[in-house]
Amino acid sequence: MIFTCLFVMSGALVFGIDIGEIGGFMAMTPFLKDYGYFDEKTQSYNIRASSQEAINLLVLVGAILSSLSAGWIGSRLGRRIGLFLGGFTALIGAVMQCSSTHVAAVYIGRIFLGGGVGYASNFVPVYNAEVSPVQLRGRMIGFYQTGINIGQLVGACIDQGTYAMKTRWAYRVPLLTEMFFPLVIGIGVWLLPETPRWLLTVDRPQKAAESIRRLRGGAYPEEKVQQEIEDIASHIALEREMECSASYQDIFKGTNRRRTHIACGVALWQVLSGPSFINIYGTYFFSISGVKNAFTTNIILQATQLAGIILMFPSLKWLGRRTILLWGGAAQTICMFMVAIVGTADPNSTASSKSLVAFCCLYGFFFTWSWGSVGWVVISEIASTALRSRTQSLATSVGWLGTMLINIILPYLINTDEANLGVKVGFIFGGFCLIGFLWAVFVVPETKGRTLEQLDEMFINKLSIKEFNNFEFPSGASAKKGNSRDGTQTESSEKSEKDTGLISVEQLNLQKDINRFA
């Protein structure tokens, strides 16, 4: 199962490599010659804000379009088909960018590449969430951000190796590398099993059992396979009884409205906190801020972010999702304000440049440790089984729209021929980080240690943030717990339900619906 999740992570590497490389292109002389202009004042090549905007924006256009279609694809065709489409679409984009010398073809290639990125952002976290046992689920979902950060580091290193070239191969060689992982995921996905949860939603219990056996290994007891099938099936029946018809309208109805708010809010504040500023425009920002060796500095930044994602894995086990989001959000706020304060108070000095790099690296560390990685965990866990693809689709679309907004505005804020705010944009992103932190305090519950089925019941029962964080499931409060062998509820089961007020599957008389999966 871990190997399967690691393999699926290659879908995230596509996005990471592009982020790591595209920022470096904007500081490469051959790239600036082809897509920029010669600045008479500085006697050097530069790139206009509109060109930066087009190069970055078109990827986001593709990502939004694919994210909007991902919900239907995931629900009707399955998670595996979605992963394949991500690899196939990204491969088309990478080939177009590398094989054409016309700027229009490059722009179209960026749209296709973005389409692959959008599918990956939907299906990599969802797939890993649905194939993982509860004790590993958070870390397996975290592989998505891990893939992005590994890709960013790889992309930055490739740029470091080619930026000194005097020809256009300085940026074309990095573009060639973007073909590899789309090809890997596009072919290899057919060797993976479909998720058991999706198979049960389309009434294919035998295939679901086969999927669990493959994912858990040959030594996994058959009774545990059947128990997983029964638990998943019972909660699908519960959702159907609660009139969850798995349409986009349903994600805004009843208790699903709260879950959609959390998923979309996390996605939005994740991108508004400033990762595009640091990752996509980092090299360019360092170069115009007087930082020497901007490419080397970018590698250090990416390595620091990778350290944050590595620390995330043990932190999820001990701290939980909510705590990490709050601590990380507070640290990001401080770092962004310090970037602005230090750079404004003493611009262009050696000490200021070093402090600027240090706080950018600290921001990157805390972002990947918290909102960058754990945000995806929360988004993937928070939705109900029947609506997971659609909720994920909407949340990622909101995230991509937020990223698009940032990428439209940011070039005009930092470019020397526009607003020329430079480091002062840290005040803007610091404010966003603060608002996101306060929002999480009052909205995001703790989901650590809960099965996806338990989360369904907790939302259905409208537990508050405090109740969510402290609640312990008694025996008999969730489906298939506390029943005697003949199917009747035990006295302890009845008592626990009375004490907690939880609605269980048995209380809703769903046994006839569960049997249809047997």
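Glycine is treated like the rest: Cβ placed from N, Cα and C.
Over in TrEMBL, the protein carries these features:
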- 4-448: domain 'Major facilitator superfamily (MFS) profile' (DOMAIN)
- 54-74: transmembrane segment (TRANSMEM)
- 81-108: transmembrane segment (TRANSMEM)
- 169-192: transmembrane segment (TRANSMEM)
- 262-282: transmembrane segment (TRANSMEM)
- 294-313: transmembrane segment (TRANSMEM)
- 325-344: transmembrane segment (TRANSMEM)
- 356-379: transmembrane segment (TRANSMEM)
- 391-414: transmembrane segment (TRANSMEM)
- 426-444: transmembrane segment (TRANSMEM)
- 476-504: region 'Disordered' (REGION)
TODO: Tally Cβ pairs under 8 Å between the transmembrane segment (356-379) and each listed stretch (81-108, 262-282, 391-414), then give the stretch with the top tally.
DONE: 262-282
Task: Tertiary contacts of the transmembrane segment (325-344) (same chain, 6+ residues out, Cβ under 8 Å) - done: 266, 273-274, 289, 319, 352, 355-356, 359-360, 362-363, 366-367, 369-371, 374-375, 378, 422-427, 429-430, 433-434, 436-437, 440-441, 444
TODO: Summarise the model confidence on the domain 'Major facilitator superfamily (MFS) profile' (4-448) as a single mean pLDDT, whole number.
DONE: 85
